[in-house]
Amino acid sequence: MNRIYLIGFMGCGKSAVGRRLSFLLKLPFYDMDKEIVRQTGKTIPEIFEQHGEKYFRDLETQFLQNFKNDYCIISTGGGATMRKENQKIMRNTGLVMFLDAPFREIWRRIHRDPNRPIVRQSTREEIEALHKARYRGYKQTAHITIRTEFRTLRQITQYAAFQVNRLKSERFDLN
Ligand SMILES: Nc1ncnc2c1ncn2[C@@H]1O[C@H](COP(=O)(O)OP(=O)(O)O)[C@@H](O)[C@H]1O
Ligand SMILES: O=C(O)C1=C[C@@H](OP(=O)(O)O)[C@@H](O)[C@H](O)C1
Ligand SMILES: [Mg+2]
């Protein structure tokens, strides 16, 4: 139990908070999407276009299975929490924090981003339905839910760090 995972829907702030949290706690930071891009030499849209979504999901599971580092922050991709086996790995190897952002805010942040292939292919209604469908999986996987509405990235990061320090003595051996 010595990693910190950030989970949640696209645009909830996993990558941005993860980077800041790694500075604050002085722990290395890994962004799953970036690691997959580095390992494959392809962008996320290229992987989806050339190999399909299932292939990308397998890469996410392989990343979680093969990852060996401890004492670090990991920002996951928004879909990585959907497979049961991924949920198990995350809960068993770290503290899982769900960044819970309201859908209208999420949509405002992601709807024009060309790097998220699922958004590029879908309507707002479809993405909202996906958000609803995934919500329970995030809640069930997380040890802690952080509501991000009306909070700045700095406030969210500080709150996440506070939770890590609070739980350290209980079940999380980050020393
Ligand atoms: N609480 C917040 N306040 C303001 N901007 C935010 C907040 N959370 C995320 N953002 C911004 O939204 C965009 C998407 O965030 P990102 O970290 O890439 O999300 P994710 O990795 O969860 O998909 C980034 O430009 C980020 O800076
Ligand atoms: O929700 C998803 O299915 C995805 C989220 C993305 O990561 P972010 O959550 O960082 O945008 C990325 O893994 C890919 O585009 C698929
Ligand atoms: Mg991200």
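Placed from the backbone N, Cα and C atoms, the Cβ positions cover glycine too.
Unlike curated entries, TrEMBL annotations are predicted automatically.
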Name the residue, out of ARG57, ARG83, ARG151, that TrEMBL lists for the same ATP site as GLY11, CYS12, GLY13, LYS14, SER15, ALA16, ARG116, please.
ARG151
Per TrEMBL, what member of ARG134, ARG136, ARG147 joins ASP33, ARG57, GLY78 in binding substrate at one site?
ARG134
Chain-internal residues near ARG57 (substrate binding site), provided their CB is under 8 angstroms and they sit 6+ positions away:
GLY79, MET82, ARG83
Are any of the binding-site residues GLY13, ALA16, ASP33 near ligand 1, with a Cβ under 6 Å from it, and if so which?
GLY13, ALA16
Taking ligand 2 as the reference, state which of the binding-site residues CYS12, GLY13, ALA16, ARG57, ARG151 have a Cβ closer than 6 Å to one of its atoms.
none
Please list the binding-site residues from GLY11, CYS12, ALA16, GLY78 whose Cβ falls under 6 Å of any atom in ligand 3.
none
